[in-house]
Amino acid sequence: MNNSLRNIGIQQQLNPAMNNMPLMFNNNKGKPLISMNTPDDRKEETPTSTTNQENPMLGGGMMPMGFPGLGFPTPMMGPDPNMMMMGPMMGVNQFGGFMGPVGPGMDPNMQSHIPREIITLKSCSLYPPPPGAPPRSHREKPPGCRTIFIGGLPDTSTEEILTEVFESCGPITSIRLSKKNFAHIRFQISESSDRALFISGYRMKIENKDDKPNTGRIHVDYAVARDDQYEFECQQRALAREMRHRQSIEEARLRPPSPPPVIHFNDHESTNVLEQLKSDDNFVKASQVLITWLERGDCVRKTANSFFSMIQASNSHVRRLLNEKQQFEEELQRAKLNFRQQIEGILKQFNQIDKIFTAALKQRCWDHFSKAQRKSLDLWNKQAKEMLISQQEEFLNDREEDEMDLSDDQDDDIETSSSKRKRVETGAIDVVASLKEENDSLKCQLEGYKNEIDLIKQDSQNALDAKDTQLKALQNALQAMQQQLMAAQKSKQTVDDQSSEKDDVIIIKSEEDRDETESTTSQQVIDKELSLEIIPVLKLGTETGEVTSSGINLNPKEAKLLGLICCFLHVHPFGATVDYLWSYLNQLENMRPREVEDLLERFPMLFKQIVHGVGASIERRWNFCGYTNLIS
């Protein structure tokens, strides 16, 4: 299960359409080493101390089972992303020992469970670590790693000895031996570095000597090499390029073919297109070329004659197309006539079957059949009649449609006398049905018109009632105005009498004071006129507390405001705006401008609105017109 999931993850990484991760580098550089086994694995580990003498199955000098590093290099298949798919290896080492399944597809941690034995070579011997010793730790393998680090080498170790020890892990590319008892070995394949980790922890003895220069405990670990990283990146890029190439090939294979390009206009091509337009087979292709040339703008004064010839050749196909259409229509009519004849033959056979059942149901034949036979005959008779009726109706409907088509196309030669009579009958039936439908629609329209008339009458009656109420209100207002006018005339008469008496008294005075007396008397006359003008018109109600006149009701506040407005506008002969009036009246009593305007509009016989100014300076002013109305 884990291997299958790992294979799916590796395939997703290799697919450039699904892999969005950057190129992989060694992110664990400088970090502490990772142990090959956990402490739990160490507890479960059983000590193995088998030697060549304890294992009777292996001869002296033979390689024990379980060392993967010294077998013959065999290509293996396993889920490694660096070298595609490599698998486990089963082989025999150079000394005849059997190798375990340790390869690139196996976890290096599993190597600790494989029993380790003494490895004897020509120039040296390798002794395994004690059974209870802890496993050697190593760093995480960098991507594409093919180089290993070998530490703890003896002082007398050489490249030949290292080659002899590690050549069984895989083909070696280069060996770099340092003077400080460590070396770097680079293999040709990445799996060889995994096999070489098995030797980590072994003690090397050169020529079986125990002195310090010839002895050392080997430590093997992955090395971080720029060459390995560069080659791994190159492999990844190559795989991505190959995948993109395959995808582009697949997309190109699935892409629909593009139409061939249209040739450019010239005299030679125009001649070829003209010949193709004249032929019936190549007309469609040549017409597309001609349309493309016209849309490109190749038709100029110099090439107009050539284009005219091609358009003329295209127009010559109109008559041919009409003739072909007529031929197809004639073939369709013949096919319809043949179909009608065949259907008529089928209907005749249905009629014969119906006659057979009619003859069989007569009394002289019916009495000779049994009860079961009679039931069958009744059932068959009903079925035959139903089929006959349905076929006749279908045939008649088809014939009516055909006759309608023939009448539209004016093909009277094909119709027979019976079909004409049938068409007349069906036409009369259709006319009657259409007349009925028209009559019903007219009835509906008439009902709608009646409803509309009733609504109009009701609306007109409501409008008349409203007008009557308005007229009554206007009559009441006129009566009130007449009474006010009569009272104003009487007050004027009294004022005239008083002014004449005062004039007689003033004449007696000296001529020196005449001008002053005249001015004072005129001012007194005006004041008395105002007082006399208002007093007879308005009467205070004792009970209700309202100022009343005939048709007009005023409360004390409105009466006071009315008198103030009359005095204010009389002093301003050119009129004043509502805001100006409100600013004056608001000092005397709190009120709103709308109340002032409503009061002015209620007395059109006293106040009149006049527009002053031009353009942006237009103002609506109110003037006092009570005296002008009296004089008129």
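Counting starts with 1 at the first residue shown.
Placed from the backbone N, Cα and C atoms, the Cβ positions cover glycine too.
The stretch that TrEMBL tags with coiled coil, taken from the ranges 115-142, 311-338, 507-534, is 311-338. Helix first, then strand, then coil: DSSP counts for the domain 'RRM' (146-225) stand at 23 helix, 28 strand, 29 coil. Mean pLDDT of the predicted structure over the coiled coil (432-498): 85.
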